[in-house]
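S.K.: Just passing along the structure, written as structure tokens.
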Amino acid sequence: MDIQTLLSFEWGMMAPEFTILIVGILLSLLDLFGKDTWKKSLPWLAVGGVGVAIIFLLFQYGHGDISILGNTYVFDSFAFYFKLILLIATLLILLMVISRTVQQEVRDRGEYLYLLLAALLGGMMVASGGDLISLFVGLELLSLSSYIMVGLRKRDVRSSEGAMKYLINGSIATAFTLFGMSYVFGLTGSTKLVDIAREMSGSLGSGEPVAIIGFIIMFVGLAFKISTVPFHMWTPDVYEGAVTPVSAFLSVVSKSAGFIIIVRIFWGIFGNATFGGSDTLFATMIDFIAVLAFLTMFIGNLVALRQRNMKRLLAYSSIGHAGYILIPLVSLTPVSLENIWFYLLAYAFMTIGAFMVIYILEQQKQSEDISIFTGLYRESPALAIIMTIFLASLAGIPGTAGFIGKFNIFVGAVAADPAQYILAGTMAVMTVVSYIYYFNIMVQMYIRKPQLEGTTKIARLQSVPLILCVAGTIGLGVFPFIALNFFH
Amino acid sequence: MIYAVFAPLIITLLIPLLSKWKERVHTGWFILPVPILIFIYFVQFVGENFTPHSESYSWIPSLNISIDFYLDGLSLLFVLLISGIGSLVVLYSIYYLHKSEQLKQFYIYLYIFMFSMLGVVLSDNVFVLYSFWEFTSLSSFLLIGYWHYRERSRYGALKSMLITVFGGLSLFGGLITLSVITETTSIQAMIEQKDLIVNHSLFPLILVFILLGAFTKSAQFPFHIWLPDAMEAPTPVSAYLHSATMVKAGIFLVARFSPILGGEPSFFIIVSLFGIVTLFWASFMAVRQTDLKGILAFSTVSQLGMIMAMLGFGTDVAIFAAVFHILNHATFKGSLFMIAGIVDHETGTRDVRKLGGLMTFMPMSATLALFGVFSMAGVPLPFFNGFYSKELFFESAIDLPGFSGAFVEFLQQAIPYIAVIGSIFTFVYSMYLFFSTFRGKYKEHELKTKPHEAPLGMLISPSILVLGVILIGLFPNMVNESFLAHAATAVFGDGFHAHEVKFWHGWESPALRMSLIVVGVGTILAITRKKWTSVYTVFPRRLSFNELYNYIVDSIEKGSTKITETYMTGSIRHYVSYILGSILIITGAILFITNGVTIEFDDLAPITIPEILVGLTMAIAAIASIFTNNRLSLIIIVGVVGYGLSVLFVIYRAPDLALTQLIVETVTVALFLLCFKHLPELKNLPSHPGVKSINFLISVGFGVLVTLIGISSHSSKLFSPISEYFIEESVPLGGGHNVVNVILVDMRGLDTLFEITVLGIAALAIYALIKLRHDKEAK
């Protein structure tokens, strides 16, 4: 590959990634060598960087598909829309980091920032990866940064425990993913998704078993990332151990990246592979994913009932939500991708919002127990109402983004061919179960006396991410067509 | 019309400002005009020449969802009830709730409710309807929990929410199925496709889903259990939501979908049966209540059952009676709730056992209550509107639609009797309610305060309602053709012809005889009520559906605890075994199902003795690692496995790989040794033999699985190995005969460079760490 070929690529399409990369490096340098007085403004640099990346990305709206470095990096509408979710979510999380009032971890601040950006970069590479290797590297960049972020509070036992569990589970997952990838490579002789898809589009013949092994093992490995039952065990421990913004990051960005890579790989390559005659290989494997989706919804929601630690509760609830998002993957309608995208977007707003409320209360009350919500309505009506909006959205009450998301998925499942009645039914029943724990928080907020007299105040900086998340949750709930039209 | 619907919502935004603006004035006064104006707006539509009216606003075009408002006779009836009773309730609450209460929130919730209820009855789009439907549940939840911090309030609020929202979800399922079948989201458009829906294979499912939604909302047996617990809400709320409007949303739904679902035997059986059972059961249960609001709650349930049953009958008389009773029930039950609130307000208790003889202290309230109660009991006098609709109910109960089938015939026989028995109990609790509160002996020592008549303002609302009772009673045809007939047409269809409502049908009328039986037997039972106490309490509380609800919620939570305790142990050891176990099961199962394993030993190379020896050594080392309690020896044993692998590489003529493996292995062992210095002694945790054997099974199974996969993948090779390309191209491209070297320094030269860089950075990092440590120790 000579210099001409290198220069002929449209490197400008990678502007969002380069922005994040440069800002990340800049942050680490400033954090190391900068004056102490500068360090206060470092988070704003990070926010600015992500903001600029979003703007760059938005300029690419409607741009045709291109690929760089022989399909290693691809830009298509899929990459565009999902990168947008990653960037918006990270922006909200950075705002969350900035808003902190308790300064005890001030020394780690810079590290959180550039680790967040590094992880984000990994996620973006996953969204744009057109090659098994670049996908894997992106995923690992995301994972490794996450491991460190979870363990950054090294004096905290829970933090270390969480990081250790995350690392071990994550390594197992990585091993499986790679193992699976090696099978796909062995079968097709290429790591480029386009080539793999082409190789697989014909009849696989005696290669079928290998393809199946590759499929299952790779899916198992990636299922860790989206914490699907039975590979979800790390989730609650890690969320509990990490500082709240990091938990929010894992819950939203990391999970979204997991879904992105799954869609990219499995629809991209197995969606074309024929199996045993007529069906595609992916269609044959649907039952397997359906079982995982069923278990995930079931276990996630059921276990969430008994959690008293709010972060653990949200961890289980996020497991349940992962189960919902698996449904469009199974139902395979033309709108499945749109449904996944919309749900992830809605999920980003409502989950980060809920974590933000917890973060505010956690800093004031030094606790993560559900009792921090006790009598919140008397302490701070605004915060209680905001939390109600997020809970309503998570529960799927009309008027919120969560409802539209669930609605789309539900309709998709019923309208699919063959209709996934069992999954749709499970989703409905588990939604009812989830009402119990979401409404229980509302009961705590509205129908209990506060334990201590006094008010909970929202600082000005704290209100920024809250307002953005509320706007997103309500906006997508009342005017979903804005986002849906944007997607088309 | 859209302004009328959204007006309550808009005003809620202003409530916080209004309540601060003039602190001395009760917030209620500022917002009272809103429902009155809505009422005035809609009342203009009333008239004999009324025709349905619709408005449409685009909302989510991609999902075919738009905000369509459709005002027909049925919606008009409900809209007027919502705004009319709403106005009266707000007026009443101004006197009922003191300024010191959290009025702001109360009115915000109340108006959100009003908004959503208007939305429910006016929406033509099923999904918009569902959205409003859920909002009513949500605001009901907030209003129930508004007043108290008691355990009971929490229980009641959560219960009402869970049951109604569960029903809502079921309704949602039904609506989705309907819209998938008919490919429209408009109810009016669905009505036109009735034949398609009724003959569709999913029709039973739709019927059950929609009815489940309606039954839970309208507190039909056995879902009625949430309504008595919802009585924790302030009385104006009970009067409004839990008697006049929200609980009638289910009725509305059934009425609205009657043109689609009605006329089918299954619809008749389910709706009539549930309605009539509810009527009977709730009126029977009402007699044993001692709380004024408790009696009223069960009474509401039973009246709702009656209306539901009439909708189930589906004949034109029944439909007319149903809409008539919706109106009547709202008037008399609304006034009774308000009187109950007054009694509570003035005496400090709602316990009937502590009350008595209040007639002398509160003559006005007592008179109002008298009208309400007698109307509810269906006493045959021309100024009680309740009598008319009840008589029409009896009339329709005798003349049921003629479906065939054994069960239908049984129902046709049984329904008139159940109707009469249920009405007798209604009569009994009505009398009990009135006489034990306002007549009888005044129990001075039971009450904390001396009762006196309520302030005049509080009496205005119930007076207006009672006036309605009397006026409708005296001139039933006043509301007939101009108003109720339109509502009935909307439910029944165009074939509906208005009948004249008459008080007197002559002695020959069977309905009148049934009414007289009710009054006669009812009077006897009411007088001798005390003797029958044991009959009323014959069903123990333990067998109630309340217990079932508690049991379900408890057992879900217990199940959750159990799952959490059994597998979420927090131990990474367990997690790993679960993970490996499930991978084993999943992969194994799929390979088995898809016949994924093909094993061929055709082109395997012969195995030589050195290979066997190395392999055995590695296996022995791996197994030995399990039995070691010492970290150092553990590392060395695991090292043996690694070194064995590099020996294998040597045997297979891959010296570069062998070298890499050797270096990696050495570095790893060294690093491990460094780290382990800082770790505590390895403890041999005792584990259960069962757990051990399961772990053993998992590990053996996993080993077998991986072996199978290995052999199987070898057996299905698609193309020539990649190495041939490098061997061929090594000389022309790299000019070297050592293929590995050419790959490393030429073909993949950049890769190698970067790898070296990475290693260099890692080395720097390690150096920094060690240096930091030294510096610390030096200090």
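Here the Cβ of each residue, glycine as well, is placed from N, Cα and C on the backbone.
What TrEMBL lists as transmembrane segment is A:12-30, A:42-59, A:79-98, A:110-127, A:133-152, A:164-185, A:210-234, A:246-270, A:282-304, A:313-334, A:382-401, A:421-443 (among others). Taken from TrEMBL, the feature domain 'NADH:quinone oxidoreductase/Mrp antiporter transmembrane' covers A:130-430.
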S.K.: Near the transmembrane segment (A:42-59), which residues from the same chain, at least 6 beyond its ends, have a CB less than 8 A from one of its CBs?
M.R.: 15-17, 19-20, 22-24, 26-27, 30-31, 34, 80, 83-84, 87-88, 90-91, 94-95, 97-98, 109-110, 113-114, 116-117, 120
S.K.: Quick check for me: are there 3+ Cβ pairs below 8 Å between the transmembrane segment (A:313-334) and the transmembrane segment (A:421-443), leaving out pairs under 6 residues apart?
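M.R.: Yes; at least 3 Cβ pairs under 8 Å.
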S.K.: Residues of the same chain, at least six outside the transmembrane segment (A:12-30), with any C-beta under 8 angstroms of its C-beta?
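M.R.: For the transmembrane segment (A:12-30), the list is 38-39, 42, 45-46, 48-50, 52-54, 56-57, 60, 63, 66, 68, 73, 75, 83, 87, 110, 113-114, 117-118, 120-121, 124-125, 128.
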S.K.: Go through the chain and flag residues at least 6 beyond the ends of the transmembrane segment (A:110-127) whose CB is under 8 A from any CB in it; none is fine as an answer.
M.R.: 16-17, 20-21, 23-25, 27-28, 30-31, 39, 42-43, 46, 49-50, 73, 78-79, 82-83, 86-87, 90, 93-94, 97, 134-135, 137-143, 145-146, 148-149, 152, 243, 245-246, 249, 253-254, 256-257, 260-261, 264
S.K.: Would you kindly check A:164-185, A:282-304, A:421-443 and say which stretch has the most C-beta pairs under 8 angstroms to the transmembrane segment (A:210-234)?
M.R.: A:164-185
S.K.: Restricting to CB pairs under 8 Å, which listed stretch, A:133-152, A:164-185, A:246-270, A:382-401, is in contact most with the transmembrane segment (A:79-98)?
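M.R.: Against the transmembrane segment (A:79-98), the leading stretch is A:246-270.
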